[in-house]
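Here the structure comes first, spelled out in structure tokens, and everything after it is commentary.
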Amino acid sequence: LTGSFVPDLIVSMSSQMWLHLQTDESVGSIGFKVNYKEIEKESCGDPGTPLYGIREGDGFSNRDVLRFECQFGFELIGEKSIICQENNQWSANIPICIFPCLSNFTAPMGTVLSPDYPEGYGNNLNCIWTIISDPGSRIHLSFNDFDLESQFDFLAVKDGDSPDSPIIGTFTGAEVPSHLTSNGHILRLEFQADHSMSGRGFNITYNTFGHNECPDPGVPINARRFGDNFQLGSSISVICEEGFIKTQGTETITCMLMDGKVMWSGPIPKCGAPCGGHFSSPSGVILSPGWPGYYKDSLNCEWVIEAEPGHSIKITFERFQTELNYDVLEVHDGPNLLSPLLGSYNGTQVPQFLFSSSNFIYLLFTTDNSRSNNGFKIHYESVTVNTYSCLDPGIPVHGRRYGHDFSIGSTVSFSCDPGYRLSHEEPLLCEKNHWWSHPLPTCDALCGGDVRGPSGTILSPGYPDLYPNSLNCTWTVDVTHGKG
């Protein structure tokens, strides 16, 4: 196995299985996570159910048959039924359910998906969807997700049902388009993909509305909307969620008559995560720019968190994923870049908590001009230090902690999630100087080993970060004799 294609299941013919990973000296990748489970010897295992699909049958033994169909509006690609063969392998992979490439929609609301969304739409496509509403009404499109190969794959939206109808908009790349509204009661969506790369695709919802009302503007991402009346003269307002600021539009928009058309007085407000800022509230959230999507290239963002004098600051990493080795978050114990460095982080490995020794913390996030990732979500709060205990040591990434007493003389211990091992197993002791006796251990995915037990997990080294180059790892999986 190599690349990204894998079968649904691999089943052994005996109670042992051997896995071998070999890598070269060049580009690494995310690697793999393999779950294994002990099953009866004459069994093929559970192959799962297709996304947007329905399965009939729950037997996985030799000669058992499973049948599949798709939810309404989807087409089945692959075998409608599969049989568990005597070699403990299914006769075929489970089918997939894809959205059709040609279709008419007449319901007052619905969803349009690119083929095989969100797994990638493939190549050489020419899809046409027509949305038809009642005469006298109009149609509103909301783009929930949009990711096409830039400059080569396109979605065109036309105001009518013919190829020559006026074009409202043509879209490519990964930028989510604005909401679109038809002038008439028919919209035509034309999607073209070339012969090479593909993106994730798109997810578009539509609804219809009358001529004396404005379209439902939706609820902006990262915001709350107040007001559900869209009739002429009504207004709605939008407030950004914690950690976000308004990046487009005004807080309130009104449905009004302009140039003979009923429309909103302005675009629906948008909320985004800022690149830097100064925070002095007792608690809050810091987000990477673009959150919850990917951050942009070539960023240089600075945040300063200030607490009341006599307090320290605790920051908690809820989510963290950046390009390994190149997109870096620095945390400094003070108000600026010259303050002592608490830690420099990239990839996915971060502590659960960090504490300042003063009432300031400075964060610097820098990215290069290539790959990006999801970024981070960090909570901060002002805290007072207890002179009779140590600070919370945190919990290792992919691990668990045992013990919640951090007073002087107390100990805490740790374990790891399946597939990971502790870097050291010695418990941490809270010493009289208010420091723990050792640094927080880490949970690491190792290169090879013997794996025993009825079920478990095998991870490529460094998972979910990229695995290193020039590896040669071997795992042996051993389950109960007579099982598979």
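Heads up, the Cβ atoms here are built off N, Cα and C, so glycines get one too.
For Cys97, the disulfide partner named by TrEMBL from the candidate list Cys70, Cys84, Cys127 is Cys70. Across the domain 'Sushi' (42-99), DSSP assigns 0 helix, 23 strand, 35 coil. Calculated from their C-alpha atoms, the gap between Cys97 (disulfide bond) and Cys416 (disulfide bond) amounts to 37 Å.
Separation of the C-alpha atoms of Cys416 (disulfide bond) and Cys70 (disulfide bond): 39 Å, rounded to the nearest whole number. Rounded to a whole number, the C-alpha distance linking Cys443 (disulfide bond) with Cys70 (disulfide bond) is 41 angstrom. Around Cys70 (disulfide bond), the same-chain residues at least 6 positions away in sequence with a Cβ under 8 Å from its Cβ are Pro50, Tyr52, Gly53, Ile54, Leu76, Cys97. When pLDDT is averaged over the domain 'CUB' (275-383), the result is 90. Per DSSP, the secondary structure of the domain 'Sushi' (388-445) breaks down as 0 helix, 20 strand, 38 coil.
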